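J.: One structure is given below, represented as structure tokens, and several questions about it will come after.
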Amino acid sequence: MAPIGKIYTYPNNYRVQIAQVIADINNVEVEIPDFQMGVTNKDPSFLSKFPLGKVPAFSSADDTFHLTEGLAIARYIASSGPASAQLLGADPKTSALIEQCALFAESELSGATIPPLLMVLAKMIPYDEARYNQCAGNLERAVKRLEEAVKDGRKFLVGDQLTLADLAVLGPMTLASKFLFDEEMRKQAPSVEGYLKGLLEVPEVKKHFGELTFVEKRVQG
């Protein structure tokens with residue numbers, strides 16, 4: 001089976017892990033070429049396809065189709081194989097619910113997780129206690145919403161199979177669990193931990209995401 005394209009990325013990028021899970025479920029192959037942040041994405045040939053130099057970045061096998069933004073790449077791969085109806089929804093209402101969850105994950109979960117990550121783990125921006133606390137509060141609010149969705153023991157957010165909705169949520173939550181989604185926050189959302197662990201029982205998810213790591217006390221500057 002020839003790859004449908006390449007995804008350029010730095011290691012352990014959850015947006016790419018989502019795409020890799022989708023590719024496996026969808027019985028398609030994607031290639032992850034060698035990539036060096038700050039080098040590969042500054043090369044003129046890369047910038048001619050991806051002018052902002054952002055990753056993840058997708059190039060089709062014939063190099064005529066180029067995409068950036070993790071959700072767009074995930075949707076394209078999901079639509080390119082036999083499991084597209086499962087992953088993206090078989091009817092307009094189901095598709096809209098999946099899209100709603102994916103956008104929630106991107107705006108609320110990723111939006112609350114990435115700035116603190118850049119402050120306390122990556123050390124790429126100065127620590128700002130007020131902004132950190134605001135993001136932690138935003139994540140807590142979003143996690144409470146997620147708790148409402150899964151508190152009845154639901155294994156998947158939309159329907160009875162894994163969809164893009166679940167993977168879009170899992171990605172930022174695996175990251176938040178390492179430094180921000182701490183024991184205190186988990187006590188307020190007891191079903192979320194079980195939901196996340198249940199997703200990792202899916203073999204394709206386990207293959208690319210590995211084990212969940214839960215921090216006891218959030219990391220601060």
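Backbone N, Cα and C atoms are what each Cβ position is placed from, and that goes for glycine too.
Remember, TrEMBL labels are computer predictions, not curated facts.
The shown structure was predicted, so the numbers you read here are calculated from the model rather than taken from an experiment.
Taken from TrEMBL, the feature domain 'GST N-terminal' covers 3-85. The domain 'GST C-terminal' annotation in TrEMBL covers 91-219.
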J.: Quick check on the domain 'GST N-terminal' (3-85): DSSP residue counts for helix, strand, coil, in that order please.
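T.: Across the domain 'GST N-terminal' (3-85), the residues distribute as 32 helix, 13 strand, 38 coil.
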J.: Within the domain 'GST C-terminal' (91-219), count helix residues (DSSP H, G, I), strand residues (E, B) and coil residues, in that order.
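T.: Helix (H, G, I), strand (E, B), coil: 86 helix, 0 strand, 43 coil.
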J.: Within the domain 'GST N-terminal' (3-85) only, compute the mean pLDDT.
T.: 97
